[in-house]
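**Q** Mind looking over this structure? Questions follow.
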């Protein structure tokens, strides 16, 4: 029999990272510092790239957009998490929750496409250096960037549309520190099987496509590098590609586990830790990963610092 007089929740309660009061001040300070570093690092990288004409090439245009998306992703998740740790942001309306997830879905998916586009750019630059200016034109670069953001937007629209069919009448407690689709499905009183299928098909397809693009691109890059006889050329290629591969590995690992592994009705703390990794930790690491081993970025930073002194 169907339930009668069901109360549909209009607000959710985010449990946050921890329920232990003694840990909240320390966690707040730690993640506040991480968020500050994320904003400074990524916006600083964007400013550096756009102020240096020598960096106005596709490789750094992709990198500046990656920094923008990392800032977007972190700003979607971290402020709410910080308020939650202060016991001031636990309650969130259904509309706010869906808006946060929509913003989160756009940024996460866009980053997947950007990482794939960056891998193709490195393939073109290293495997076809003489033809690179012809292959990776400014027009193609802008198109790849536009497709990345459009793909992220459309993917978010699909999930948001299927999320709107759900009702929440049993529990309004979300065992997470932000509104993600999986925790929402776990508390839905509507059968979420279709939503899980949509996640598996669309999220899985996007991740498989982008990961395969990265792997195929870097397989060709690796063979090309091994054929090089110049030690300097090998070091430069490995330095550039190594940073990208590290970023890709750190980003895709948690995502694959979160959205492609079989769904479970149980609340898993491991899922929350993995989410923390790619929503908070990766955005602060990317500027470091891409900058410290990049001579052009370091040189540009030195020039900017000299001008400021």
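Just so you know, the numbers here start at 1 and follow the chain as drawn.
Here the Cβ of each residue, glycine as well, is placed from N, Cα and C on the backbone.
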**Q** When Swiss-Prot marks a stretch as transmembrane segment, which of 167-187, 272-292 is it?
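**A** Of 167-187, 272-292, Swiss-Prot gives transmembrane segment for 272-292.
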**Q** Regarding membrane topology, does Swiss-Prot annotate residue 198 and residue 303 with the same topological domain?
**A** no
**Q** Count the other Cβ atoms sitting within 10 Å of the Cβ of residue 189 (disulfide bond), across every protein chain shown.
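**A** Counting Cβ neighbours of residue 189 (disulfide bond) within 10 Å gives 15.
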**Q** Quick one: find which recorded stretch in 29-49, 145-165, 272-292 has the most Cβ pairs under 8 Å with the transmembrane segment (240-260).
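**A** Against the transmembrane segment (240-260), the leading stretch is 272-292.
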**Q** Quick one: mean pLDDT on the topological domain 'Extracellular' (261-271)?
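**A** Over the topological domain 'Extracellular' (261-271), the predicted model scores a mean pLDDT of 60.
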**Q** Which stretch, 145-165, 199-219, 272-292, tops the Cβ pairs under 8 Å count with the transmembrane segment (29-49)?
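**A** So the stretch in question is 272-292.
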**Q** Near the Cβ of residue 97 (disulfide bond), how many other Cβ atoms are there if near means within 10 Å?
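**A** Its Cβ shell of radius 10 Å holds 22 other Cβ atoms.
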**Q** Same chain, outside the topological domain 'Cytoplasmic' (50-56) by at least 6, Cβ under 8 Å from its Cβ: which residues?
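**A** Sequence-remote neighbours of the topological domain 'Cytoplasmic' (50-56) are 64, 296-297, 300, 303-304.
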